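As written in TrEMBL, here are the features:
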TRANSMEM  45-62  transmembrane segment
TRANSMEM  82-110  transmembrane segment
TRANSMEM  131-153  transmembrane segment
TRANSMEM  212-231  transmembrane segment
TRANSMEM  304-326  transmembrane segment
TRANSMEM  346-366  transmembrane segment
TRANSMEM  417-443  transmembrane segment
TRANSMEM  455-476  transmembrane segment
Amino acid sequence: MDETPNSIWTLAPAEPAAMDKCGNMESSDSEVLTKRPIRILRAQVAIIPIILISPIVAYVWLGTFSTVTMSTGLAEFTPYHSLAGGLMMAASLHTLLSKLGLVLGISGFFHSTVTSTLNRAGLRKDSTAQSIYSTVAPYFTAGIFAGGIILGLARPRIETGLGVSILDNGGAVRSNSLLPSVVFGALVGFGTKLGNGCTSGHFLCGLSRFSLRSLVATATFFGVAVLTHVFNVFNVAKSATTTQALGSAFASRLPATFPKPDLATLLALQLPALVYLAAPSALQSGEKSDSTSKTRAAKQLLAAKTMALAVGVHFSFALGVSGMMRPSKVLGFLSLSPALVSSGKWDPSLAMVAIGGIIPASIAYFQQVKPKQDQLRRLGSSSKKSQDASSRLRPKLSLVAPEWRTPADPSKIDARLVLGAIFFGLGWGATGLCPGPALASLASLGAEAVGRGSMSAVSDLFVFVATMAASGQLAARI
């Protein structure tokens, strides 16, 4: 799971440390409360050299592979689309948190799905107990792929309605070999697993909860991504055109008008939200008061799986609407140097994604979830009152998801977190791809490629995702 908790809000008594569903050590609330700030300070001091040398690594790395990137600029600023996509993301992530107590971390769900698939195939042995997280992860991941396929098959109609492109025609990284896809996919997969998060788990979910841990991770991978992309642009293009435009005014390059999406198209893309909002109530309607706990739990489990699938589809649609499935727009947002900004090479669209995704999710969290977590903590994890706490203090589907699986110590910062964020930032800044958009884009472009009868156009992206999966498994063993 992105931003995988080292401990969780739970109604059960505190227990000794155990392995969680991602293979990480869990600690009880009492353990968390005994941690001292000095440990955090030491970890921060230890990782300072790593942060300082990351720009040098980025420069050498990108110079070695000589990749060619494409990026949008101010002329393709899409504030309405990006804001709408951010609002869709906020609805998705709050649904998973309030109904199942889970952080919507796409890389975590993806890595968990890969692990469970390998387990079923007998290629890996994992003795960790099944949890609601590992149960719904494959359904959410399937939803991301399904949403991508729908976007690919209906692309002409959707793009006509939105008035903008939802996919780039071609990869973000162009090379004569597959080696860059292997390297950058490995960086993204290894980094997101090591650092327990990417743009969804740390940036959207973590920052909406004011998590210091996520703030450090986001600042690290975003800073490294900006440096990586800017170094790449100057290394490949030698800044021939950007240096001539330093005297230009940024405001003078703003478009006179911005594209607006068709309301009917936007509403059609909200259909998955109707499913995941109605699923819990619909599947439990007509439930008799004398129904057994096992029967109620079975219905809640079905509701959880249905909801996870629909949330995945909706989040995939949100990625398409916001522009995040276009690496060119992501790289356009990462073009944060004075020369690139003043020359109109910076695309601020993703700032609108942050506004639409973080602010509503934060308001919902502090109004609806945080008070319940605080009340449970005041009751005490081992008290009788805590054991008998009403379902209103737990996630909505409390029979199958009785715990709030958010970090009980959101201020924990260690070398794994920052090093993982650096690796992820290098891969993200080089390609404009993070796990969610990579999966959705592979499904979309793959669906189009199947229709054309040729998969050569998605070979780079397929290798990127495959390497991302493999490197995540490697990071899990460290």
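Using N, Cα and C of the backbone, Cβ positions are placed for all residues, glycine too.
Because the structure is a prediction, the values reported are computed rather than measured.
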Exercise. Please work out which recorded stretch in 82-110, 304-326, 417-443, 455-476 has the most C-beta pairs separated by under 8 angstroms from the transmembrane segment (212-231)?
Key: 417-443
Practice problem: Would you mind listing the long-range same-chain contacts of the transmembrane segment (304-326), meaning Cβ under 8 Å and 6+ residues beyond its ends? | Solution: 72, 78, 81-82, 84-86, 88-89, 91-92, 95-96, 99-100, 104, 106, 132, 135-137, 139-148, 150-151, 158, 162, 164-168, 261, 266, 269-270, 272-273, 275-276, 279-280, 283, 349-350, 353, 397, 400-401, 432, 436-437, 440-441, 443-444
Practice problem: Look at every Cβ pair spanning the transmembrane segment (131-153) and the transmembrane segment (417-443), keep those 6 or more apart in sequence, and say whether at least 3 of them are under 8 Å. | Solution: yes
